[in-house]
Structures are given as structure tokens and as C-alpha cells.
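What TrEMBL annotates here:
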ACT_SITE  258  active site, nucleophile
BINDING   30, 35, 86, 121, 153, 261, 326  NAD(+) binding site
BINDING   150, 151, 152, 153, 202, 247, 248, 249, 250, 251, 255, 319  substrate binding site
DOMAIN    312-415  domain 'UDP-glucose/GDP-mannose dehydrogenase C-terminal'
Ligand SMILES: NC(=O)c1ccc[n+]([C@@H]2O[C@H](COP(=O)([O-])OP(=O)(O)OC[C@H]3O[C@@H](n4cnc5c(N)ncnc54)[C@H](O)[C@@H]3O)[C@@H](O)[C@H]2O)c1
Ligand SMILES: O=c1ccn([C@@H]2O[C@H](COP(=O)(O)OP(=O)(O)O[C@H]3O[C@H](CO)[C@@H](O)[C@H](O)[C@H]3O)[C@@H](O)[C@H]2O)c(=O)[nH]1
């Protein structure tokens, strides 16, 4: 099939490359000439494991190309997939300006029947609106498809080539059948719904996963007070098939370009039809507060006064295996430290450049290496569970720090790692780990 994908962010690029991998002829379009130049030079503007190799193989095979010429790409394709951004407006609502613009450009380029599929996460009713926009500008026939995307950054290729399900929202049975055929090599589990339900499935899925995270984070906070271990609690809960083990990792809360944006957008979608989504409001509130547990733990250790201390930060990306820092909890944590005159030394294996751009000018010392970051610091806070952090020699880490204080925001370390060290170790929702590790919170007797 000849496919145009509009937008070369995570979704556009990964899905474009994967459709090409399935043997389709794919043109990826972006209005940003810098991105297209990078892609045409064999580079990849984002960090995503395996993407560069897969893109390069499909380009060499002649199945994948990159251009800024949306009109020409649309003319050559039967299926047009929108994968442009839908960032939040100050109200929390999704900004549909990129979607609208792309829809108008598609309309102006139409030269025959097309399927117009929307992979971007868009509020219920958006596909219908796009349809109206296009119809107002062209008499050429087309069918609208809602094609929500469920990939995760860091495992995007695996998620795309082996999805749990494909959701196709359609009015036209023949367009739905074409889309089912396209995705059949990926999975047998293809759910065909009406368009509005497909749009809602995306928001509901993200909101539910975010709810699981805030739920386990609150359980963790209670575990800290009652002396239970949230990792054991999550394991015990997760074996129940009705609950499942995933998304029960307590930590510093969810970040990234999707959960924070999509939970707020769904609250707005509900609000627009006079429904107050109380549960989701709490999920967002719990998540926003959870990141500050790191600060509260530092304050407990230093008797409330952080001014003048030096704090090392490990991890700036919102999760490992990505250089994406959008809505990363590290942004708020570091901002709070800087605002309180704490000297911050920060390191991330690959996300530092993006973080610096988003964070702006500040006195943070950006480091190139994990152990060096800890040198002379009064405490170390681990904010992203990059594998290299779990492999660090804790003896050398202890020597590098001026005080052996470790706040593990992602529960990376286990009891056996810490035995024989002098670390004052605070994690999330776990009581004292061993005699070698100093007590993090009083355990009720
Ligand atoms: N990032 C994820 O992991 C993920 C996963 C599932 C769904 N989504 C959703 O997919 C959508 C895209 O997310 P993303 O993170 O890939 O976006 P992004 O913001 O990283 O990239 C969007 C790209 O679209 C391009 N663009 C915008 N308007 C254009 C136009 N008219 N013509 C050509 N190019 C145009 C921009 O230049 C940009 O490169 C969002 O709605 C998001 O919520 C994202
Ligand atoms: O048990 C968990 C799982 C995740 N997280 C955090 O949740 C955030 C999001 O993680 P993840 O879902 O793995 O990454 P994303 O790439 O943001 O993917 C989510 O958002 C995408 C965009 O909508 C969807 O396509 C995916 O299905 C959905 O998982 C990160 O900050 C994680 O640290 C936790 O704190 N605990």
C-alpha cells in the first residue's frame, strides 16, 4: 500500500518505518526541514532503540522516504496518516492547530479517493471535524479512520510490531476492512469500533494506566508509614489476573509527553459536557505531589534546611531509553532545588541536551558521567531508572559522595546491593532494607 505519514515525531517516524518494514511504500512528511534533512542524511532526530537501523534498512530497500512536500506525498498515496502533535493548551485541552493545518493541506492536495487516518491523540469528535474541514475544500471522496497509537517511548518498535491490539474507528466498512488488512500481519486482535469510541479508547487507556500509577504511589506512601514494602504488595496484587502486574511500579510519578497531557485533556473533555471526572482529577493531583516526596525526604534528612547543600541528580528523562524530557518529574524537582539555593549537579546518559533546552538558563552543573556527578555531593537522588545506575559500584559511589545519602526515586536498588555500605537510603514505599542500611522511616511496632 502507498502510505503518507504526516509528522515525524515518535509516532510518525516509528509507525512510518514499521509500515515500510511490513512491505508498504511509505513517505514520511514533516514541515520541519531540519528534521527531514537529518532523516535524509541517515540520522534520526529522536533517540529510540533500534529505530535508526530499521529506518536505514527500509530506506536502502527503497520502501521509505522523507520529504517536506506534503502535497506531492498525498498525491502519491492511498492512505494518509496524521501523526502531528496535539500539545496541551493552558486549559489542558488538546491544541488541534497542527491537526487542522495538516487537514487543510491534505484537502488541497487530494487527487482522488483517500483514507485519512488519525494516529494523533485527539478529543472525541475531532475526526468528524477533520472530515468537515476537508469536505469544505474538496469534492474528492475520502473516508475517515481513527487509528489511535499505543506505543511507548523506549520500546516503540517492539510495541508497534507486536501490539496488544489495533483499534480502528470507522464509519465505512470497506475502509475499516482495508485498515484491518494492513494491520493483520501485526496482530489478530483488531478491534473495529465507531470513530468516537476509538478516540475515547485512547484517552481511557492512558487515564487508566495513569490511575494505576497514582494508586500504587499512594499505596507506597502508606507503606512508608505502616512499614510495608510496596514492591511486595505490588507483586502480590499483580498475580491476580483481574489486576495484572504492569504499571504498578511506585516511584516519583508519571511524566512524558502523553500521560500528563492526556489525563488533563480527558478532564477537559468531560468538563465540556458538564461531567466532573473526580477520580482523574485526584490521579493528576497525586501524581503532581508524588515527585516532591524526593524533596520531602531530603528535607527530613537535612533537618528542613536545604540551602547551600549540594545535591546530585541521576536521570533527567521521564523514563529510561528515551531522550524525551517533556513533563519529566526531574524538571519540577530540580527547579525546586535551584529555587531553594541548592547546588545541583545533574547527569543523564542521553537526555541532558534536551533537558537543558527545556529547563533554560540556570546554575545547574551538567555532568558527563554518573560517578563524577556524585563527587562532593551531600546527597544523590536517582530520578530515572537507567540500567547504568543499577550497575554502579556502590563502594565507589559512597566514596565519591561527601555524605552517603541516597534517595532512590525508582526503587532501583535491592537489599543485597546495599549490604555492607553506610548508605542512608530512602526509596519509595519500602521500609528499612537491612541492618546495614539506616532506617528510612520509623516502622510501627
Ligand atoms: N510520543 C508518544 O509516545 C506517543 C504515543 C502515542 C500517541 N502519541 C500521540 O501522537 C501525536 C504525535 O506525538 P509525537 O510525540 O510523535 O509528536 P511530536 O510533537 O514529537 O512530533 C510531531 C511532528 O509533526 C510535525 N508537524 C506538525 N504539523 C505538521 C504539518 N502540517 N505538516 C507536516 N508536519 C507537521 C512537527 O514538525 C513534528 O515534527 C500526539 O497526538 C501524541 O499525543 C504520542
Ligand atoms: O509502573 C509504572 C509504569 C510507568 N511509570 C511512569 O509512567 C510514565 C509513562 O511511562 P510509559 O507508559 O512506559 O511511557 P510512554 O512512552 O509515556 O507511554 C504511554 O503514553 C503513550 C502515549 O499516549 C501511549 O501510547 C502508551 O501506551 C503509554 O504507555 C513514565 O514517567 C514512567 O516512569 C511509573 O511510574 N510506574
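Backbone N, Cα and C atoms are what each Cβ position is placed from, and that goes for glycine too.
Take the CB of residue 261 (NAD(+) binding site) and look out to 10 A: across all protein chains shown you find 21 other CB atoms. Filtering 30, 86, 258, 326 by Cβ distance to ligand 1 (under 6 A) retains the following recorded positions: 30, 86, 258. Cβ-based crowding with a 10 Å cutoff singles out 258 as the top-ranked of the recorded positions 248, 258. Considering only the recorded positions 152, 202, 258, residue 326 (NAD(+) binding site) has 258 as its nearest partner by CA-CA distance. Within 10 Å of the C-beta atom of residue 153 (NAD(+) binding site) sit 25 other C-beta atoms, taking all shown protein chains into account.
Within 10 Å of the C-beta atom of residue 202 (substrate binding site) sit 25 other C-beta atoms, taking all shown protein chains into account. Within the set of binding-site residues 150, 153, 202, 326, 150, 153 have a CB atom less than 6 Å from some atom of ligand 2. According to DSSP, the domain 'UDP-glucose/GDP-mannose dehydrogenase C-terminal' (312-415) comprises 36 helix, 18 strand, 50 coil. Candidate binding-site residues: 30, 121, 248. Nearest to the residue listed as 'active site, nucleophile' by Cα distance: 121. The full span of the recorded substrate binding residues, 150, 151, 152, 153, 202, 247, 248, 249, 250, 251, 255, 319, taken as their largest Cα to Cα distance, is 24 Å. For residue 255 (substrate binding site), none of the binding-site residues have C-alpha atoms inside a 10 Å radius of its own C-alpha, out of 30, 35, 86, 121, 153.
Largest Cα-Cα distance over the residues recorded as binding NAD(+), namely 30, 35, 86, 121, 153, 261, 326, equals 24 Å. When the Cα of residue 202 (substrate binding site) is compared against those of the binding-site residues 35, 86, 121, 153, 261, the shortest separation belongs to 121.
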